[in-house]
Amino acid sequence: MHLDHSHEGPAAVGADALRPDGRRRALRVGLGGPVGSGKTATVAALCRTLRERHSLAVVTNDIYTREDAEFLLREAVLPPERIQAVETGACPHTAIRDDISANLEAVEDLEDAVGPLDLILVESGGDNLTATFSRGLVDAQIFVIDVAGGDDIPRKGGPGVTTADLLVINKTDLAPYVGSDLGRMARDAKEQRGELPVLFTSLKGQDGVAPVADWVRARLAAWTA
Ligand SMILES: Nc1nc2c(ncn2[C@@H]2O[C@H](COP(=O)(O)OP(=O)(O)OP(=O)(O)O)[C@@H](O)[C@H]2O)c(=O)[nH]1
Ligand SMILES: [Mg+2]
C-alpha cells in the first residue's frame, strides 16, 4: 500500500526551512507527471531562465538509468556538480512519496557541496496520475501533463491533477495534430482544481517556459520573504 500525503498542507516555513548552520535551505520544487509529458524539458528551460539570478540545483529520478541527468548535463543547463541523479530501482512514486531517503540525501548533499542554494528542482520518474510528492521532500509540486496524452486527462482527475500546486499542460503546439481541445482541457482542469493554477505551455516556442518561471519566481519570493 502506498501512503498518500497529498492532503497535507504546504510545508510551513519554520524550523524545517533552516539548515543545521542556521541558514535558510533552498526552496524545493518537485516535478511529476506521466512519462514523456515534458518534465525534463521543463526543468532544462527553467534552469536556463532562472540560473542568471538564482543559485540552482537539480535532482533527477530514473528507474534504472541516469538518462534525465545525462540529458541535462549534455545540454549544460547547469554546471555538472549541480545535477544529481537518483536511481530509484522501483515505481517512481515510491522514491518521491513512500521512501524519500535517497532524494533527501541528494538534496542535502547538493546544499552541502554547492550551497547556499535558492532552489532545488526534483524531477520524478514518469509515472501515473496518482504520483505525488511527499511534503517531507518538497515545498511545492508541479504536475506536468501534455495535450498529446489525450484531452480527457484533466477530466480524469487523480491527485496529481487535482492537488498539485501548479498544473502544467504542455505541448500545446501539438494540439492541432492530435485533435486536443485546449478549451475543454482548461474547463475540466478548473473544475477539478478550483482556484489552484493551471498553465499551458509549448516548450518548442521561444521562451515557452516563461509562465512557469514566473510562478516559480513568485514561490521563491514568498519563500525568502
Ligand atoms: N512538440 C513538443 N515536444 C515537446 C515539448 N516539451 C517536450 N517535448 C518533447 O517531448 C519528449 C519528452 O520530453 P521530456 O522532457 O523528456 O519528458 P519527461 O516528462 O521528462 O519524460 P520521462 O522523464 O521519460 O517521464 C522530448 O522529445 C521533448 O523534446 C513541447 O512543448 N512540444
Ligand atoms: Mg524526464
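In case you wondered, yes, glycine gets a Cβ from its N, Cα and C as well.
Copied over from TrEMBL, here are the features:
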type	residues	note
DOMAIN	29-199	domain 'CobW/HypB/UreG nucleotide-binding'
BINDING	GLY33, PRO34, VAL35, GLY36, SER37, GLY38, LYS39, THR40	GTP binding site
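Feature map: TrEMBL annotations on the structure.
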residue : record           : contacts (Cβ under 8 Å, 6+ apart)
GLY33   : GTP binding site : LYS39, SER124, GLY126, ASP127, ALA131, PHE143, VAL144, ILE145, GLY160, VAL168
PRO34   : GTP binding site : GLY126, ASP127, ASN128, LEU129, ILE145, ASP146, GLY149, ILE153
VAL35   : GTP binding site : GLY126, ASP127
GLY36   : GTP binding site : GLY126, ASP146
SER37   : GTP binding site : GLY126, VAL144, ILE145, ASP146, GLY149, ASN170, LYS171
GLY38   : GTP binding site : VAL144, ASP146, VAL168, ASN170, LYS171, THR201, LEU203
THR40   : GTP binding site : THR60, ASP68, PHE71, LEU72, GLU123
What other residues of this chain sit with their CB within 8 A of the center of the CB atoms of GLY33, PRO34, VAL35, GLY36, SER37, GLY38, LYS39, THR40, the recorded GTP site?
GLY126, VAL144, ILE145, ASP146, ASN170
Counting every protein chain present, what is the number of Cβ atoms, excluding its own, within 10 Å of the Cβ of LYS39 (GTP binding site)?
28
Quick one: which of the binding-site residues (GLY33, PRO34, VAL35, GLY38, THR40) have their CB closer than 6 Å to ligand 2?
THR40
Of PRO34, VAL35, GLY36, the binding-site residues listed, which put a C-beta under 6 Å from ligand 1? Please answer none if none do.
VAL35, GLY36
